[in-house]
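Novice: So Swiss-Prot lists the following for this protein:
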| type | residues | note |
| --- | --- | --- |
| COMPBIAS | 210-255 | compositional bias 'Basic and acidic residues' |
| COMPBIAS | 349-378 | compositional bias 'Basic and acidic residues' |
| COMPBIAS | 379-416 | compositional bias 'Acidic residues' |
| DISULFID | C108-C140 | disulfide bond |
| CARBOHYD | N54 | N-linked glycosylation site |
| REGION | 194-259 | region '4 X approximate repeats' |
| REGION | 209-281 | region 'Disordered' |
| REGION | 263-301 | region '3 X approximate repeats' |
| REGION | 349-416 | region 'Disordered' |
| REPEAT | 194-205 | repeat '1-1' |
| REPEAT | 213-224 | repeat '1-2' |
| REPEAT | 230-241 | repeat '1-3' |
Amino acid sequence: MAIAERRSRSHLALRVRDRVSAEVFFEERFEDGWESKWVKSDWKRDENMAGEWNFTSGKWNGDANDKGIQTSEDYRFYAISAAFPEFSNKGKTLVFQFSVKHEQKLDCGGGYMKLLSGDVDQKKFGGDTPYSIMFGPDICGYSTKKVHAILTKGETNHLIKKDVPCETDQLTHVYTFILRPDASYSILIDNVEKQSGSVYTDWDILPPKQIKDPEAKKPEDWEDKEYIPDPEDKKPEGYDDIPKEITDPEAKKPEDWDDEEDGEWTAPTIPNPDYKGEWKPKKIKNPNFKGKWKAPMIDNPDFKDDPDIYVFPKLKYVGIELWQVKSGTMFDNVLICDDPDYAKKLAEETWGKNKDAEKAAFDEAEKKKEEEEAKDDPTESDDEKPDEEGESDGEGDDESKDIDNEEDDEDVHDEL
């Protein structure tokens, strides 16, 4: 108890000291009493498909007192949210950060969070609830292993056009999304920038400033063929008289061939090595080649600049809404603020402080798992070993078993 109190006091000291320069809109470290701030949705509960959350530090960790919330049931939907005083990020930097750990070695499922605006019935929060920002890792099979960064404008969800690979191991990782007043952004994983750019270019929120002139047409005399037939090249005399096949000069009439019984003998034909097919003049560089024609660009009459493209004026909720085939994903240390430095310090104080101990705990858990699996493996005793005389037959049996096992594996793969 004394250790937990000292830990809370040290956290409080850091919060007070660093919050002087940062405006923190929401911060959740999932300590005792966290449930008073979070609302578990009834979404999918009537269908018995709503998953339950565990409050835990996980199977392996760097600090048993540092807990988060973890999905606990396979093949379930999860939805939970928390409210905070409504604010707009206009004229200020928006920082959205949280940590995720996929203890279950995730095959298919999300690890992302959402920011919502306006008034939301939190008990009905689910997959159809509109959101402003969706951010975080998503894994499914071999094809999807990326960080989502989706910005909603109007009723359209705009996906980031750049690839941002996510972490896929079973350890804790911190994901940070920074959106600035100049519409620039950064995506960090474990306090390391993985992607950056501009909202103007990396999301298709606005129509393009310029478009191809729809009225433009390629001039009739435009030469877009790089090579043309050589007008000086002439077909050789007698070219068309060259036969496709000729009589095989090596063929000889069989000695036992009887013209009366077998008919008149005819030598077989073979492809003519001198036959070159249909004659075509050789190609030369087109002296009038102008390149591939492109329609000229013109200003897009539908383009309208939006200096507030980065703005979300009524942010009010943070939520987790996802589907998981295999449960075990843990969320912790959720932060919404205006100061990237504060977010970085929070990440270092939590994830950074515990990552080495967590890795050691994970390695130890894996070692114990391997030892247990080794104990469970059947070993062949001496009295079960085949004698020398029957050794050949035994090898044949093993080979037959191997073939059967391979066929079983193929059947399982086909079923999947």
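Here, residue 1 is simply the first one shown, and the rest follow in order.
Just so it is clear, glycine is given a Cβ too, placed from its N, Cα and C backbone atoms.
Computed from a predicted structure; not experimentally measured.
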Novice: Are there residues at least six beyond either end of the compositional bias 'Basic and acidic residues' (349-378) with Cβ under 8 Å to its Cβ atoms? List them, or say none.
Specialist: 11, 14, 29, 59-63, 66, 99, 170-174, 190-191, 332-333
Novice: For N54 (N-linked glycosylation site), just count the other CB atoms lying within 10 A of its CB, please.
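Specialist: A count of 15.
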Novice: Which whole-number value in Å describes the distance between the Cα atoms of C108 (disulfide bond) and N54 (N-linked glycosylation site)?
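Specialist: Given the Cα positions, C108 (disulfide bond) is 20 Å from N54 (N-linked glycosylation site).
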Novice: Restricting to the repeat '1-3' (230-241), what is the model's mean pLDDT?
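Specialist: Its mean pLDDT is 89.
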Novice: What are the DSSP helix, strand and coil residue counts for the region 'Disordered' (209-281)?
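Specialist: Across the region 'Disordered' (209-281), the residues distribute as 7 helix, 12 strand, 54 coil.
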Novice: Could you state the CA-to-CA distance between the residue listed as 'N-linked glycosylation site' and C140 (disulfide bond) to the nearest Å?
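Specialist: On Cα coordinates alone, these residues lie 23 Å apart.
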Novice: DSSP on the repeat '1-1' (194-205): how many residues come out helix, how many strand, how many coil?
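Specialist: When I sort the residues of the repeat '1-1' (194-205) into the three classes, I find 4 helix, 5 strand, 3 coil.
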